[in-house]
Amino acid sequence: MDLSGSHRFVQFYLVADKPLECLVYSRSYHCLAGPSQERLLDMVAVLLLGLFAAVSAYSNDWDIFTYTQEWPVAVCVKGKEEHHTCGIPPGVQGWGIHGLWPTKTGTEGPTSCGSQPFNEHAITPLLPHLKILWPNMYSDTSTTSFWEHEWSKHGTCASSLNATSTEFRYFSKALDLYARFNGQTMLGNQGIVPSTTATYDIKATEAALKKELGVNALVQCAYDHNTRRQIVYEIEICLNKNFEPVDCYPDEGNNSGKRSHHHHKYTSHPQSSCPEKEGFYYPPIDGQYSDPNAQL
């Protein structure tokens, strides 16, 4: 049974007569019992309480965050594959936040852990920063749709931690982390900068990030069918619940843990999806996929 949405209508066929009908919410329920069915309520209560406990355990069953940033040019390349109209908003000059994902090491979850609806008014004070550092580059969707997706799928799973227990705290924490783990700054410190001609080696790039972070991170690439080039797409940084970097793959001899790629649909890889032989490109943002109609 899926209890992650706002509510579910459930019928319990516990006896041969009329079924017991219940509205099941994420953490509560209301049963419509007739006079002859009241004796079943105790049985249903035990069953539903067990289900709620299982859902709660699942939503808290994570040990790290995957803090992911994305390169705007590659986001638009992926967007074209998904038939989106993409436009990089004015003012976006660097890596954008993709998400802050509670993750159980070696898995792709948990996801969609609660029924708290996204409320754009809750993050109004953060909007100037979100539009630049966590931009929605799909101009054929609403400005807030990306944030709503990330909150509903991932933010609701972070509510068990005080630092990310509300929508405002969740987005605020992701913005704070950007100041510490700015992809452009970390790569630039190691001589890896946007270029129309240079190519970069994936092993050297991940080694450069390790120098900055002190731990292993993951770099993902996307194939641009227009230019026939592999371009850098994402940086995935793993953080513990104190928001300190930890290895994304601590056992370098067995990188078997899956990493999830939630916003854009493509095959997940336990290791980098960047090419090892020919290198990848890191194209500048300027002039590419600009969105002249975007509003800051």
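Glycine is treated like the rest: Cβ placed from N, Cα and C.
Database features, via TrEMBL:
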type     : residues : note
ACT_SITE : His98    : active site
ACT_SITE : Glu150   : active site
ACT_SITE : His154   : active site
COMPBIAS : 258-267  : compositional bias 'Basic residues'
REGION   : 254-277  : region 'Disordered'
Rounded inter-Cα distance in Å - His98 (active site), Glu150 (active site):
8
Neighbour count, 10 Å Cβ-Cβ cut-off, for His98 (active site): what number do you get?
25
Sparsest Cβ environment (other Cβ within 10 Å) among active-site residues Glu150, His154 belongs to Glu150
